[in-house]
Amino acid sequence: MLISVLFSLRVRELCSSNNRGDWRSKFRGVLERVLFSTLTTLPCCLFLCINGIMLFTLRSKALFCETSRYILLYNLLFADTVQMALSQLLYIIAACRITLTYPVCGFLTMLANLTTVVSPVTLVVMSLERYVAVCYPLRHASIITITNTGVAIIVIWAIGSLNILTRVLLLLEFPFGALDSLQMKDFCSEIAMSGGSMSDDYDKAFTCALFISASVAITCSYIGVIVAARSASTDKASARKACNTLLLHLVQLGLSLSSTICNPLLTALARVLTRIVFVRIQNVFYVCIFLFPRCLSSLIYGIRDQSIRPVLIYYLCCRLKYSVIQPRLKAVIEVEC
């Protein structure tokens, strides 16, 4: 979690006092920070722009606002976008060597933890919705209603909030009384706000339980759809599309898990690699394993979904009228240019 700030913590430990005193090393260090910050900020801004347009797209048509799977998709994209923005904010703060107060850092890390839990749980609910749509098509409209979808979203955020409440209670072990001031001496990260061994044990147990249960739920949904696809009464095309969607959900879940378990790997690499090599590897991990999966939902649904695709392209192209446009796109895009 918050892989983006780990390199700053390790780099600070790996820098020697002699290098700090050398103006050439200082200049080189500043240049490296600017370079790496630019290389990570540009992809993040691009992904945030795509997610922002996708979120706007999902609120631009009544079809998207009144369909359960699009409402769930909006919830997933919202959580991923907040998580990406918070991560990049902490990355820039760490790169600029700015320290925060403990309350501010605690708020940011807890909010990031909340959105981290919301994403996989939302993927589970979206998988169950596809399972019901394929296996119980006649009952889908009565089971997956707007009201039930709203309740499901409330439960999703309640699960994340309960996790945050537990973490706050575990933070009572943190020795705040021994601090001279609330100003942090190190950069803000989840590691800096760790409450001790009990907090670490809870974090590992909760993460394992969350991703194991989510994996089981999505896998069972996939198996159920495959079994239903063999039935003569099932729409083969719909079942095949649902299978592909569930496989993509499993990939998204795996990428979310990989971004969660990368911290121990990076910690081990920081002890054996040189500073510059470690920072390079960390930045590749950050973009490929943390940032890109947060934008994967927009790319998947923006390209695959025939209802979203034309509207998304329309807004991505700044509402310009195409010289060649298919009649079916005109039927979907009911906005005057």
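Going from the start of the chain as shown, residues are counted 1 onward.
Here the Cβ of each residue, glycine as well, is placed from N, Cα and C on the backbone.
Keep in mind that TrEMBL annotations are predicted by a computer and have not been checked by a curator.
Here is what TrEMBL says about this protein:
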- 34-58: transmembrane segment (TRANSMEM)
- 50-301: domain 'G-protein coupled receptors family 1 profile' (DOMAIN)
- 70-94: transmembrane segment (TRANSMEM)
- 100-128: transmembrane segment (TRANSMEM)
- 140-165: transmembrane segment (TRANSMEM)
- 204-229: transmembrane segment (TRANSMEM)
- 250-272: transmembrane segment (TRANSMEM)
- 284-303: transmembrane segment (TRANSMEM)
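Counting C-beta pairs under 8 angstroms (sequence separation of 6 or more), the transmembrane segment (70-94) fails to reach the transmembrane segment (204-229), with fewer than 3 such pairs.
If you look at the transmembrane segment (100-128), the same-chain residues 6 or more away from its ends with a CB under 8 A from one of its CBs are 1-2, 69, 72-73, 75-76, 79-80, 82-83, 86-87, 89-90, 93, 152-153, 156-157, 159-161, 163-164, 167-168, 171, 176, 179, 182-184, 188-190, 192-193, 210-211, 213-214, 217-218, 221-222, 246, 249, 252-253, 256, 260. For the domain 'G-protein coupled receptors family 1 profile' (50-301), the model gives a mean pLDDT of 81.
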